[in-house]
Amino acid sequence: MDHFQLRDGVLHAEDVPLPLIAEQVGTPVYVYSRATLERHARVFRDALSGVENPHIAFAVKSNPNLAVLRVLANMGYGADVVSGGELTRALKAGMKPEDIVFSGVGKTHAELLQGLEEGIGQFNIESEEEGYELAAIAARHGKRAACALRVNPDVDARTHEKISTGKRENKFGVPLDRAADIYARLAQEDGLDMRGVAVHIGSQLADLEPLETAFGKVGALIAELRGQGCTVTHADLGGGLGVPYKAGEELPSPAEYGEMVARVTKGWSVQLMFEPGRVIAGNAGILLSRVIRSKRSGNGPPFVVVDAAMNDLARPAMYGAWHDFDAVVPTGDRMTAHIVGPICETGDTFAMDRECDALVAGDLAVFRTAGAYGATMASSYNSRGFVAEVLVDGDKFAVVADRIAASAIMDAERVPEWLA
Ligand code: LLP
């Protein structure tokens with residue numbers, strides 16, 4: 001459930017009519033709802049009531065806006081970060097260092113050092129090589145890094161191939177059959193406190209079964225590790241729970257996920273950790289845009305050209321993803337249209353042959369479920385700027401990220417004198 005609903009025929013974000021935001025901030029603009037973020041954070045936490053003392057780290061990559069992170073920090077969430085930039089953001093937003101988990105296959109020397117210096121809670125080590133590098137840095141600085149070893153369980157998450165991470169051929173983690181040996185070797189390092197295992201098999205999972213299979217393998221690994229004398233006190237089960245992108249679509253609920261987790265992990269005697277992203281932020285945001293014009297080419301449906309484009313919301317172009325598209329002031333009339341942005345490539349298509357509210361030039365419309373992997377994946381392709389972001393809270397709203405004009409991006413460019 002989200003707080004983007006029609007009231008008196010006008011789509012609102014909580015108590016704020018979207019035309020007001022369009023008028024004051026311009027379009028395209030991302031709009032987030034604080035109440036929805038908080039609701040999702042609560043629902044996810046409540047779903048884990050069958051688990052003792054879960055640690056929940058919001059996947060910052062899904063929505064790194066500082067205000068969004070602050071909302072979640074206030075809810076007691078930690079952060080799952082994958083870069084020095086995300087770590088800096090999480091800290092700036094008020095997340096406690098000890099509640100931060102650092103994931104990612106390519107942490108640089110500087111990033112490992114940054115994590116150590118900030119005193120983060122856990123590094124999720126993705127290779128033996130990374131483990132030794134971190135151990136050396138830690139030892140040199142007289143520190144000990146708390147670590148989990150990320151394993152690749154070779155499970156097909158049955159999601160889009162580009163966001164599937166737990167198959168043998170994917171770059172993530174260490175192969176399950178080598179994990180126990182690698183863990184034991186890394187546990188010998190003075191600079192490392194090997195305390196757990198981590199797994200994350202993919203994103204937008206529409207089915208709990210692959211997760212259950214992966215968690216089962218992690219449970220067996222924990223038993224094996226303990227059997228060989230290793231200490232395991234933590235298990236990080238990653239993120240991945242999918243969200244409905246189409247009205248009426250049914251996906252496993254957080255409650256069902258929580259029940260499965262409680263059942264599968266019973267008797268593990270570890271602190272469980274979670275890294276949800278999309279399930280918290282996805283339906284807490286929309287991308288508000290304005291129709292530039294409608295045009296026809298060929299005999300098919302009209303092309304509705306909106307002022308948002310693939311650079312603002314990359315998911316449809318990148319994954320063929322579906323985002324519901326609704327008028328802000330629906331007339332009740334419907335149409336079939338191709339929904340496209342202004343960018344000069346055919347890939348800049350949000351939807352083909354979409355049945356949607358009838359729209360004409362100047363109308364406002366929203367792409368729903370854009371709160372996760374939306375603004376954060378933006379680029380400035382076609383010398384378009386970066387979209388503004390707004391956070392709504394009841395009847396008030398604030399710009400939480402300024403629109404960055406193409407000219408501001410150009411300000412960072414230079415023509416060298418020798419080209420004069
Ligand atoms: N933990 C790790 C280690 C991850 O790699 C990810 C997402 C998450 C947690 C959060 O997963 P979530 O709960 O959000 O599914 N850009 C793509 C999604 C990429 C996800 C990458 N990893 C999209 O727009 O669908």
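Keep in mind that glycine also has a Cβ here, set from the backbone N, Cα and C atoms.
Per TrEMBL, the features are as follows:
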- C344: active site, proton donor (ACT_SITE)
- G240, E275, P276, G277, R278, Y373: pyridoxal 5'-phosphate binding site (BINDING)
- R278, R315, Y319, E345, Y373: substrate binding site (BINDING)
- 30-371: domain 'Orn/DAP/Arg decarboxylase 2 C-terminal' (DOMAIN)
- 35-281: domain 'Orn/DAP/Arg decarboxylase 2 N-terminal' (DOMAIN)
- K61: N6-(pyridoxal phosphate)lysine (MOD_RES)
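Following the DSSP three-state reduction, the secondary structure of E345 (substrate binding site) is coil. Proximity of the recorded positions (G240, R278, C344) to ligand 1: a Cβ under 6 Å from the molecule is found for G240, R278. Summary for the binding-site residues Y319, Y373: the Cβ-based neighbour count within 10 Å is maximal at Y373. Of all residue pairs in R278, R315, Y319, E345, Y373, the annotated binders of substrate, the farthest apart have Cα atoms separated by 28 Å.
For K61 (N6-(pyridoxal phosphate)lysine), the spatially nearest entry among the recorded positions G240, C344, E345, Y373 is Y373, judged by CA separation. According to its DSSP assignment, Y319 (substrate binding site) is helical.
A simple Cβ count within 10 Å picks out one of the binding-site residues E275, E345 as the most packed, and that one is E275.
Most buried of the recorded positions K61, R278, R315, judged by other Cβ atoms within 10 Å, is R278.
Of all the binding-site residues given, namely P276, G277, the one with the smallest number of surrounding CB atoms inside 10 A is G277.
All protein chains shown were included, and the count of other CB atoms within 10 Å of the CB of the residue listed as 'active site, proton donor' stands at 9. Same-chain residues that are not part of G240, E275, P276, G277, R278, Y373 yet have a Cβ within 8 Å of the Cβ center of the pyridoxal 5'-phosphate site turn out to be A59, K61, S62, S203, G239, L241, V279, I280, A281, A372. A distance of 16 Å separates the Cα atom of G240 (pyridoxal 5'-phosphate binding site) from that of R315 (substrate binding site). Here the CA atom of R315 (substrate binding site) lies 21 Å from the CA atom of E275 (pyridoxal 5'-phosphate binding site).
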